[in-house]
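Engineer: Pulled these features from TrEMBL for this protein:
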BINDING   Trp19  substrate binding site
BINDING   His49, His53, Asp55, Glu172  Zn(2+) 1 binding site
BINDING   Asp55, His160, Glu172  Zn(2+) 2 binding site
ACT_SITE  His59  active site, proton donor/acceptor
Amino acid sequence: MDVSIIDISRRLEQGTPTWPGDTPFSYSVSWSKEESGSVNVGKLEMSIHTGTHVDAPFHFMNNGERIYDLDLELYVGPALVVDVTNLSSIAAKDLEQIDLTNVSRILFKTNSWTDYTKFPEEVTYIEADVAPFLAKHNIKLIGVDVPSVDPLDSKELQAHHALHTHHIHILEGLDLQNVTPGWYELMAFPLPIVEGDGSPVRAVLRSHNK
Ligand SMILES: Nc1ccccc1C(=O)C[C@H](N)C(=O)O
Ligand SMILES: [Zn+2]
Ligand SMILES: [Zn+2]
């Protein structure tokens, strides 16, 4: 079988960086094999926005859709990984040279968060004019290798809102360090957390010929 999977998910373990002030990641065995007599049973506590995850519109809008309401088609299918390393922000003008024909999922490799042991101080973010530009090309999902599509100190969340207005969904916290830009098949399904403002995902790429 000639399929190779590239894992583009960040590890979830004690000490995994979390948004400042948000719930730390914790996994523990709440019921050990000795106690239960048969099995180890694990317990998980985490912010939904830790590591590799998708945002649901409810994350930034009280009347927005919850994660369970979103179409799973968004999270599986061809995706283009684009190199935007060395930019402090991504604007529409930075994307004009890219052939976006038939792209419905685009993943930005910014390489601006490469020390996975620490929450970053500053990362490459998405300018508000990117959303209308990508929507013109029928893009439905964007993915970034940083904790947010907006600047980390943003309260207005311009990019989140602009993307939502243009029906573009958001995947955050990818690990694209070892990914060569180009075409892949993406798979990154959210968990069926009915009321969720998002969900952690196991995001992977598989080689794909356009
Ligand atoms: N976890 C947080 C706690 C407080 C304030 C923001 C966040 C976020 O996660 C925002 C980020 N733009 C996100 O969508 O993942
Ligand atoms: Zn998020
Ligand atoms: Zn977000």
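Cβ coordinates come from backbone N, Cα and C, glycine included.
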Engineer: Checking proximity to ligand 3 here: which binding-site residues out of Trp19, His53, Glu172 have their Cβ closer than 6 Å to it?
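Structural biologist: If the test is a Cβ under 6 Å from any atom of ligand 3, the answer is Glu172.
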Engineer: Take the mean position of the Cβ atoms of Asp55, His160, Glu172, the recorded Zn(2+) 2 site. Which other residues of that chain put their Cβ within 8 Å of it?
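Structural biologist: For the Zn(2+) 2 site, the extra neighbours are His49, Val54, His59, Phe60, Ser148, Val149, Asp150, Leu163, Ile170, Leu171, Gly198.
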Engineer: Which one is closest to His49 (Zn(2+) 1 binding site) in space, judged by CA to CA distance, out of the recorded positions Trp19, His59, His160?
Structural biologist: Trp19
Engineer: For the residue listed as 'active site, proton donor/acceptor' and His160 (Zn(2+) 2 binding site), what Cα-Cα distance in Å is obtained after rounding to a whole number?
Structural biologist: 10
Engineer: Within 10 Å of His160 (Zn(2+) 2 binding site), Cα to Cα, which of the binding-site residues Trp19, Asp55, Glu172 are there?
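Structural biologist: Of Trp19, Asp55, Glu172, within range: Asp55.
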Engineer: In sequence order, which same-chain residues at least six apart have a C-beta under 8 angstroms from Glu172 (Zn(2+) 1 binding site)?
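Structural biologist: Long-range Cβ contacts: His49, Thr52, His53, Val54, Asp55, Gly143, Val144, Val146, Pro147, Ser148, Val149.
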Engineer: Which binding-site residues of Trp19, His49, His53, Asp55 contact ligand 1 in the sense of C-beta under 6 Å?
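Structural biologist: Only Trp19, His49, Asp55 qualify.
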Engineer: If you count the other Cβ atoms within 10 Å of each Cβ, which of the recorded positions His49, His53, His59, His160 comes out on top?
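Structural biologist: Answer returned by the neighbour count: His53.
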Engineer: DSSP on His160 (Zn(2+) 2 binding site), three-state: which is it?
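Structural biologist: DSSP call for His160 (Zn(2+) 2 binding site): helix.
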Engineer: Name them in sequence order: residues not among His49, His53, Asp55, Glu172 whose Cβ is within 8 Å of the mean position of the Cβ atoms defining the Zn(2+) 1 site.
Structural biologist: Ile48, Val54, His59, Pro147, Ser148, Ile170, Leu171, Gly173, Gly198
Engineer: Run through the Cβ atoms and count how many others sit within 10 Å of the one on Asp55 (Zn(2+) 1 binding site).
Structural biologist: 27
Engineer: Which ones in the same chain are close to Trp19 (substrate binding site), with CB under 8 Å and 6+ residues apart in sequence?
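Structural biologist: Listed in sequence order, they are Ser47, His49, Thr50, Phe119, Pro147.
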